[in-house]
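Only one structure is covered here, and it is reproduced in the block below.
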Amino acid sequence: MVLGGSLGMLRDKIFIAYGSSVKGLTRKGKLFLEFDTSLIDPISALYVLGPDLAACARDLYHRYRDCKDADSYLAGETLHDVVLLPGDGNVVEEEVYSKDRVLVGTADGRIGLLILQGNKTLRITWLLTSTGSGITSLDTHQLQDGIDILVGRQDGVVEVYTFPDEDVTSTLRYHYNAGESISTVVGGIIGIANYPEVLVTTYSGRIFGLTTSPPGLLEAGQSDVGLARLKLEIQQLQEKLNEEKESSNFMPDPLAPLILALNYKMVLHKEDASYSLSVELDASIDNILIQSDTPIDLLETENNSAVVSLSACNPIDNNFVLATYRCQINTNRLEMRFRSIEGQPGTLQIYVTSQVQPKRCRKILIPIYALSLHVRQHEDDDTAQSNGPFNELKLNGNFTIAEMHAWLSLILPDVPERPHIHEGEAALVYISSFIGTVLKCKYKKGSALFLGENISSIIILRDILTKEATKRKIKLDVFCEVAEGSISRVMELILPRLNAAYDLIQKIKILDALEEWELKSNSKENLCSEYQELLDKETEIRSLMMKDTEILNRLHAIITDLYVDWERAKRSRRISGKEATAKLQSALESRNLATILQIFTGKADTTVSTLIPAAI
């Protein structure tokens, strides 16, 4: 839903997109436009500027002028939002507050400001860097004494922030939880004159307003007018319901259940390398069943009131997880969190059952990629500018760019729908959200080059790409070059986290011991200053531990897999995970870089002193 109007005039017309169609309504609710865009996919973003209407559907941008085709662009990436700006030839007689600024929201909950410098230069300034649920809608409006930022989020939260300036940072002014994902937030004067309001629409179609007027304020005679209007709307709805009932009698199968309208989104949280999966219906959810053919760890989620039941599974039958979430009454949206293991791809099957009679169930399939904890980066990002050293994987064969792109989409998340080709070559850059290592992919017709700081990523790519080529009977020449220094690079990234996890576990053990010995009550008399400081920070320490209780085991597993893959790549030798764990156990307990590197290189450290038995 967006607002529009003639150039230079008040934006007082409402435009609503549903499916591939657009409807236009006046401020009094009268329909003045019904327009079919002829787009194949549903409209995901909409904007109106004067006679121009821009609509986005998946990766296609299309602009209409006076409801006629004007231009289009196939981006190759999923388009989330669109904004039309007046061109150089347009003269708009209106003072625009933010004529050179564009407000943007990200999937991880951050809000930024794009400042247009000239025709081609953009500079971004982050207003809110705290991460949270994804931003679904943004608007600006003067609610009180200055311009405010109106924010709608995926988890149903509506927030109002003050617009920052050079001296004052942005602060949260208002917070409201709608209980379901927000589709649109718009500011304006709607219900009561002289009192700005926030108009909100949700996924299920609910429309409500948040007002700045004092509680109980009503203009003279407004209650009678409002009551008469409500009665008229109820009568119109009743007539429409009767028409629908009559038309349903002529359906070929009136008992056939309708398909559930389901909205789901899976987002990777970089800070703890876990996924959040939100599932939403336009009706109440009865239960959600999750089945996975690959190992995943289900995590606790805040604000999740569902009762979780885990069933016994047999991994031999490719059934690793079977869980049921039973929802409370009037629950439209449920969020779950889980953590996957890289190198073990699979499929997550979700069965969502509604409470509405007759009972209906909707099944969705979500792929879990082999490199699921990798995040796509832009080539000019600072995080992508790593100097290595890199392990190299070269593939030569009779494949096209499209075939290699399709194979990579089976391994890596967030691969664009179409490859971005520059001078006959496509490129992708990823960074591991858990470790921080960089992976670079460059491919063209007949050849592909992969550079990775982590040898495990290279081995996973090699195994899956050669498997896919074999399925299509395409011969590949595979060249793998191992960089000796890559192990040091990976361990330098892991060891600080390993030491931090070990120290955190030791602090938890001390706190548990103090609680068991009942020494907390009189800490100043019984404990030293170090333990007193631990007790002061107990809440913070335990909350850090609750975020990832298995962090130490996960880091040990990463290093173990790294050693197994190193042996495969360097010495062409396969060893089991149990054998690798036994070899690395003492080195991991020492948390010493030189000791761990000795295991990988197979070289003994001559500087380590040995005990010599004394002569008798």
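From the backbone N, Cα and C atoms, a Cβ is placed for every residue, glycine too.
These come from TrEMBL:
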type: DOMAIN; residues: 2-89; note: domain 'BBS7 beta-propeller'
type: DOMAIN; residues: 96-212; note: domain 'BBS7 beta-propeller'
type: DOMAIN; residues: 260-362; note: domain 'BBS7 GAE'
type: DOMAIN; residues: 378-481; note: domain 'BBS7 platform'
type: DOMAIN; residues: 484-600; note: domain 'BBS7 helical hairpin'
**Study point:** Secondary structure tally of the domain 'BBS7 helical hairpin' (484-600) (DSSP, helix then strand then coil)
**Key:** 96 helix, 0 strand, 21 coil
Study note, to complete from the structure: For the domain 'BBS7 GAE' (260-362), out of 2-89, 96-212, 378-481, 484-600, most C-beta pairs under 8 A are with 96-212
Point to revise | Paired segments the domain 'BBS7 beta-propeller' (2-89) and the domain 'BBS7 helical hairpin' (484-600) in contact, 3+ CB pairs under 8 A | key: no
Study note, to complete from the structure: DSSP assigns the residues of the domain 'BBS7 beta-propeller' (2-89) as 0 helix, 44 strand, 44 coil
Revision key, fill the gap. On average, residues of the domain 'BBS7 platform' (378-481) score a pLDDT of 91
